[in-house]
Every structure is written in C-alpha cells, then in structure tokens.
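Taken straight from TrEMBL:
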BINDING   B:450, B:477, B:479  Mg(2+) binding site
DOMAIN    B:14-122  domain 'Thiamine pyrophosphate enzyme N-terminal TPP-binding'
DOMAIN    B:210-344  domain 'Thiamine pyrophosphate enzyme central'
DOMAIN    B:408-529  domain 'Thiamine pyrophosphate enzyme TPP-binding'
Ligand SMILES: Cc1ncc(C[n+]2csc(CCOP(=O)(O)OP(=O)(O)O)c2C)c(N)n1
Ligand SMILES: Cc1ncc(C[n+]2csc(CCOP(=O)(O)OP(=O)(O)O)c2C)c(N)n1
Ligand SMILES: [Mg+2]
Ligand SMILES: [Mg+2]
C-alpha cells in the first residue's frame, strides 16, 4: 500500500528496520524472545539488520537471558507478543529495573485500528482496553514508548534506547503490527545516538572534589567499599584508577562482587556487616572513613542490615549524587568526581587490611569426611577460576558461598542479590554465554540450586539450540536449603522432586558430541573434575553439566547470619 | 507475644488459620504455589486446615495449574511470595481474569512495619514502595485485599473469597508475615459465607421472560448457541433444561465446548462463522432467531469475527444482562430468566439441524497415506473419549482440531480461546488432574503442541510428585505450526529445538512403575494405542505420555480460516 508521506522522504525505511538498526548501533547482536502473531512480521527484520534471533523456550526465561546478556554486553533486546508474552516476562523486567540492567523490551501489538476500535481480540482481557499491560510496565520501565504514529516513531525509538542506556534500566516499546512497515526517514541513522553521560557542572564538581579530598587527607585509616552501581552505572574504570592510585584497602559488597580486581594487593574481601569474610568486619568498622562507590544497602547485601558504619564517617558516590557525611550534592555524578579526586590525590595515611586468599579453612582440611561442604567448596572454586571467567550464582547457597571465593582478575560476576528471583541464574546464563561467545570470552560458569534450576530448566535447550557451551553446576542438596534456614528446616514444602538432572541435556535434544555430564559427590571427585583438561578448558566445544552433591542441611556461614536476620524480621510484631 | 485485644475474643484463631479454613469451606482441597521467605510461616497452616500443598516448579505454572483446578472444582487457591513470586504469575492471573476463572491468589508480604518504614528489602524495586505490585494486580483482579490490620482481616478475607466466586475472577490477598499469627474471632467461621447469586428483581425478570417467550413462540427456525460464560457463571443446569425441553437445535462456540451434552439429539456442532463444522454455518445463519447463552464474541471464538448473524434476530443471555434484539435489560442475570422461560415454554416451531458424529471424512478414509493428519485425528479421538473425561487443549492446532471432536456426555473441556497463552495447557493439566483425583474423575487428557509444551514442561514433575496420572499427548510437528499459518511458513523463528519428549518423565524423577511412554507415527499406531487397555483405562495408575507425530504443515480447516483472518487484520492499514 503506497503511503503518500513516504514520497517526501529521501531515504525511506521501515519502522522495524530503523529500530533493529539502532539496536545494532548500540551493540546489540542477538535478540531474545518468542514469536507471536502480533510480532511475526517484525521478526522478519532481525536477520537483515545483522542480528541473531535466539528463540527462547518461554518469555520469563527470555527476560532473564536478556538480563544476563546485558550485564555482559551493556545492553540487550527482547521481543514478546502482546499480553501473554509480555506479562510472562514482567518478573524478569522488574528484576532488571530493580538491579539497573538495560533491556529494550519490544512488544508486538495489535494494529492501531484494532486498538482504536476496541476489538475483542485474543490476548486481551476482553474489555477493549489495550493500555492495561503497558500501564503495568510503566512501574518497571524508565521509558514506555507506544509507537502508534509514524511521524514520531523514530524519535520515540531513539529516546527509549538512550534512556535505557543512560538510566541503565529497562524500556518498553509497543510496536503495533501495522506500524512495522510504515516508512520513516532512514537518514536519521547517519547521526549516531548520543549516549554519553551529561557532564557535571564543573564548578559544582570541583567543589565536591575539594570536600572529598579534605576528608580523605584527614583520614587515618580509610577504606573503600565498592558496590553494584559502580558496575551498572559504568564507573569501573574510575573506580579502578582510584583504588590503584590511592592504595586504600578496598572491599566489595556482595552485589559488587566482580567490580574490583581481586588480585590487587589492597583488595580485602567481601564486607556485609555480620556476614563479612574473615577479618573484614573489624577492618571496615574500625575505619575512620568509609568511601562507598555505587552502594545499594539492601537486606541481603548487608547480611540483614548489620552494617556498623556511621554516616559521620562516610562518603557515598552515586550515579545521581555524592554524599559527604550528611551533606548531599544531588546531580553530581560519581564518574567525574572520582576521576578528579584520583588525579589530585596526595599522600594518604593507609592501614593495611586483610589479604583474602583461596585457602581452605583449617578444619575443612583436617576433616576426614569426603562430603563436599559449602565451607570447602567456595575457596576451592577460587583456585580453579581463570581471568575473564563469567561466574553466575543463583539466589540460595551459591549466592552466599561466592563471598568466600576470591576471583582472578577481570571476572564478571552475575547474580540478583536485591531482586533475588530464583530461576534467574539459568536464564541469565543463556544470555551471558551468548554475549561471551560474541565477545570471545571463553568460560561462562553457572552455579544454581536444584530448587532454583527447576523453575527455568528448559533454557538449557536454548543454550543447545544456540550452540553455547557454558559450564553448569547444579547444587544437589534435596531442596530449598536457603529457605530451610529461614523457616521450616524439615518441612516438606522445602523439598523438591528429585530430578535426574544429568539426563536433561539429552532429553532437550543435545547431540552426543554436544555435551558432557558429570556427578561429583566427594571432594576428591571435585579435585579430579577440576584437573580434567577437557572439563576445564575454555576451548572445549561442549556444554558441561555437573551434579554437585552437597548436604541438605549445610549452608555458607554468611547465609546462616542473613537467614536468621530475615526470620527475625519476618516475625517482628507490628504495633 | 501476647496481644491485648485477643483477650476480648472468645475463640481466637490466627489470621492464616481463618483464611485457609474459609478456603476449605468453599471447596478448596489443594493449594498451589511455591514457598518464599515472606510466606513460609503461612504455609504451616495449610495442612492443619485439611488442605494439601502442591509445591509447583514455578509460579507461572502454579497459576496455570490453579486455573485448571478451578475450572474443575469451581475455585482454587495459590500462594506466592512478594514481588518475584507474584509477578511470575501475572500472566496466569490475567488469563484467569480474561476467561472468568476464580483463583484466590495469596501473596506473602514483608511485615507491616517494614512496609511502613520503606525498608530496602530483597524482592523490592529498591525504592521503598511496597504497593507497586498490588497496583499491577488491581488491573487483573476483581478484589485486592491488603491484610494490614488485624481488625479488618476477617472481613477482607470473606469479601475477597465471595467476590472471587460471584464474579468468577481472580482476587489478590496480601498477607504480611507479621499478620499470619494475629488473633481474630474464630466464631465467625460458624456462619458460612453467603455465596449465592443475588436474585433478579422478580417483576423485571417476569417482564424479560415474557419478551423472550414472545420472540421464541414467533420464531420459525430458532437455534441456541452456548458459550463460555454459561460454564463460568454457573448456568449449565438452566441451559441444559432449556435445551432438552425446547428441543431447539443447539450449537456451541469454541469456548463453549463442553457446556452442552453433545449426545443430545438436538446437538448440532461447533458454530464459529466461517470456521464452523460441516453444515453448521448454513443452519445457524439461516435461523430467524439465535439465542446465545454466555457469549464472548472474540476473534478466535468466531473464526476471526465471521459471524453472519443479525442482532435483530438475536437474544443474548448474560450473567449481567439480557439483551433482546437491541433492547437491553441490565442487571437481569440469565440463570433466573432461563429457568422461567423453560418452565413456561409452549409448543415451538423447530427445524432440525445437522447431526454431528465422529465419522472420519471420506477422503481421509480413502487415503492410503499412513500419516496422522489433523482431519483424521480429531473425529477419531471423539470415538475414544469417554463420559466424564476432562479434555485439555492448548492454543495451536489442538485448540482448533477439537472443534471436530464430538464429546460424550459430561466431558469437561479446558482451553484458553480468548487469552491464548501457550504453556497454559500443561500447567492447567496438573491442576485439573489433581481436582479430578479429589472428585473421583478418572481420566484427564491433555493435548499440547511441541512448541507450547516447552514453555512449562517441568510441571510434568509436579504431576509425578503429586502422583497424578493424566494422559498427555504432545503433538510433534516440528514447531509453531499455528504461527506458520499466520506468517513465516518456513521461517526459522517458527522452529523449535527438537526434544526427546518421551525422556522427560524419567528425567523428572518418575519411578519405573509410575509412567509409560508411547510414540505414534501412523494412523495404525493410533488405533493400536486406543485399543490398548492399559493405556485407555481410567483405572491405570500411571502417567501416560504420548508423542503424537503429525506433519509440520498440516492444520485443522478452522485454524486455516482463522489464521488467514488474523494475518489480514495484522496487515490492515491504519489511517
Ligand atoms: C521466583 C521465586 N520464587 C520463590 C522464591 C523464594 N526462594 C528464595 S530461595 C529459594 C530456594 C532456592 O533453593 P535452591 O535453588 O535449591 O538453593 P539452595 O539454597 O538449596 O542452594 C526460594 C524458594 C524466590 N526467591 N523467587
Ligand atoms: C505465552 C505465549 N507466547 C507466545 C504466544 C504466541 N503463540 C501462539 S500459538 C504459538 C505456537 C504454538 O505451537 P505448538 O504448541 O507447537 O502448536 P502447533 O500449532 O504446532 O500444534 C505461539 C508461539 C502465545 N500465544 N503465548
Ligand atoms: Mg537446593
Ligand atoms: Mg507444534
């Protein structure tokens, strides 16, 4: 059908082409999601734009995978269909919103005409209201763009992608079927999107830098605490330079694992109040100045709000503000301030912190028991990890155990400490492994619990379909161990059906030479596994799937502390 | 902790006990869902209230299962945890809202104190707002009850359960951890909930009855068309009596399959405009009066809005109104009117309609091809079905194929023609099979597509865990056939990973004597399967799992019609 207005456009291209080319421009190479009749025509534009269609098993998993992909590549895109598809993904999008992960969520909509006429279409609530679902997404998206008019489509697309990156949060783009092939000005693509952070007001920035330096010079035993937002808001370079030049002992919050080169001499371990690693709590809590970078002080990130750090001794760097003791400097982004502070740093007074290693605790070494304990496993893992590994841990024992693992340099750590949706890690692993493949990263390693794995197990199929070769550990401990420690230690609601986990890759259609399975029940078997070249190599072109058997009633120390705090708070009387 | 106010209550019981006892009172016997630390304490009350905890693999599946359970038992209940759990189930709840299925969704919340103080807890968006998720649910629930105050808890619970039943839609109950054990008046339970429909105003009802009778007596060749809301709004008895006494030819819309005894002499088949069964369209569209009962005229229920029935020849019975030609009688519920119309019926002028049988079409019988075609299978299935079977069909070829199956008496048919979320059928099958077991119904039979099955496959594990024995057919046709017929016949986005479906029950931990698998690739093998006593018997204590192989490019005729209409509408230009 000829469109009069296209004649005025010199280089007309279709809306869907524009959208996918913009996504390519900002680094997206694969698109996650599922087909549906309201998005099918749009899917035809993915391959021509130089993108790969993943084809997930379901939309929640696609959302998790997009999250994992974005954490590695900086941004991701997902396509779902109106109502049924998008709502299946709501939990994943909410998680990305909560944890600052940029996902462009494209939803295939019925035609603008059908919407206007309130047709009783499939995938509606039957009430003629086509805005219900986008309204839900408003709560969990930093932009909602309904592409209902040709003339504003390009602007809305550009705006959504820019907001997605700058705010590092999901955006929602509604693409009605009749808009997919509408013509818009392709020449706009010649001007790349401006996705740089706006600079701080220089006068204000200098002022803040001076205040920070003043406290820093005066401090006798300062520490640095790096957290998630340093990663999400892209301040890792500034953070790294500051750590290296200052020499101040540096710690990470659980959500900040992976933000810091843990082989640096001044790296001290994980700080999380009462759940901290060995020697860490004393050092951090005795500091006369705590410099936090990108902090999110949530319950699970602080072992149940057990920080003992006074705001009077604190400087907080955020993406939206800097806070020195109780003085707030809103609108001053950390990146610029950190950079200048590092440049102007004079000689500081430093007291050493603890030096974490991956040594196995003494009583574990002495123990004659063959059982794989949590206390033994996580430091042992640290010895096996390699630089540039991607390590994904699920909410459960894994997410607390990893506090005990000192990483090699350049590890990307993925977990959901704040949102904490189980099943996330397996979906996320698919996305991360795909991003890794695109970037030449060799090993993507997943640790998930048996309970959590059951929520999203079929994404192993998507890994196989996309020829991905992650290393997957299922912690087989007969159920929801983390929940047992909160409430109902032996209650049947914390049990799960015993699966033959190892049989799943084959059932999901893996060809014989495409995968390898293992089961380890003793420390000795773990040692052998880690020594197995084919298993450990980054060159192995096989998905590796391990049943890692651990006791049902064993948990990392930090989990026990946090679980007790959670149980206490859950029982707290109201007035 | 002693609560002063409990001393004034004669028979104090805990809020959670009250809630679950009320659910038991209205017929719930099993509770679906997953644990989470915000609901763990509440779970302790399930067993003592005489209820069974299902323990699903994930929350979306739990939602689908609750939907299936409610369609068989009349109501269901599900427990999820704040944020991550409830949002995973949003799509299932929206589907239940859309299709009028009563589910009580109980969400475990953080303490009222934590909410008041806006604590930065796990499973939040990190912004201190604890109302975001309940606000989303407002759109898809007919009541949202936040149990934040002890003194109103009982009233809110009673109200929510009543609305759930009377409106036949989901309700949302937020149960903060600190409210679970608050004491309320247990004596309230001595008065059962009033869950009867309010009577129509008798004068108004009589008036409508007279109008209806006038048109009915005047009609020369009337027909009846029964649809979903006759089932959902509990008018099946009135509908049945009307059909039997009047002798008028009766048809069902696709969503109304199962509402009518299809062995009655005046049953005529499925009417859905251009997608209608043989002979049906002519008969319905030549009628001078079409009496619809509980109609939902959505696209997939009308083969793409292809009804050719004038409102001038129509009487519509609804739960909220009766409509005669263009005269509306709001607030008059169908049940009372139908009953009186039946009582007062005089002699009517009737012209016979078509008589559907389960005869295989002639060219299928003649065909020498062994391949199992859609045209052959569905009538053949009709010959194998038994009275009281529960038959679940998934969106895809199955949902259209079933139009060709004439049911024995008393079959319960489950599908999602309006909401159409794939993966639904497998989850729903778990809930339906459990309800069937509780009610002594022998066979629950699922037909799902290979593509759809992949979304929610792990619920087969929940069936095994709960010792359920449904008969599961996976239609193996190499992908999303229904989508191929809409757009992208051979495009790779309509392919799926080839699973070894039959290997899944074992991988999900089925013991050897707990299941049986089959693969049928020819009509002959289907015949043998249907003749196999162990397979067909309602007494068999095994889950039966069949790979039903069909061609990738074959679809029921009605699906082709509907898919063409959908593709046309998706391409419809806006102005
Ligand atoms: C979607 C979702 N549902 C429920 C929960 C509650 N939950 C948190 S951890 C957990 C159990 C995890 O068990 P598993 O994966 O086996 O880990 P383990 O602690 O045993 O290592 C549950 C049910 C959640 N966080 N997210
Ligand atoms: C949750 C959800 N995601 C996507 C869709 C779009 N959709 C509708 S039917 C279908 C394909 C179903 O394929 P299959 O189950 O193999 O059925 P077949 O037609 O091949 O029998 C898809 C992807 C949907 N309806 N719901
Ligand atoms: Mg476990
Ligand atoms: Mg299929």
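Every residue, even glycine, has its Cβ placed from backbone N, Cα and C.
Where TrEMBL records a feature, it is marked here on the structure.
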residue : record              : CB count, 10 Å
B:450   : Mg(2+) binding site : 25
B:477   : Mg(2+) binding site : 25
B:479   : Mg(2+) binding site : 22
Determine the mean pLDDT over the domain 'Thiamine pyrophosphate enzyme TPP-binding' (B:408-529), rounding to the nearest whole number. 98
Other same-chain residues whose Cβ falls within 8 Å of the Cβ centroid of B:450, B:477, B:479, the recorded Mg(2+) site, in sequence order: B:449, B:451, B:475, B:476, B:478, B:480, B:481, B:496, B:552
Looking only at DSSP and grouping its letters into three states, which state does residue B:477 (Mg(2+) binding site) belong to? coil
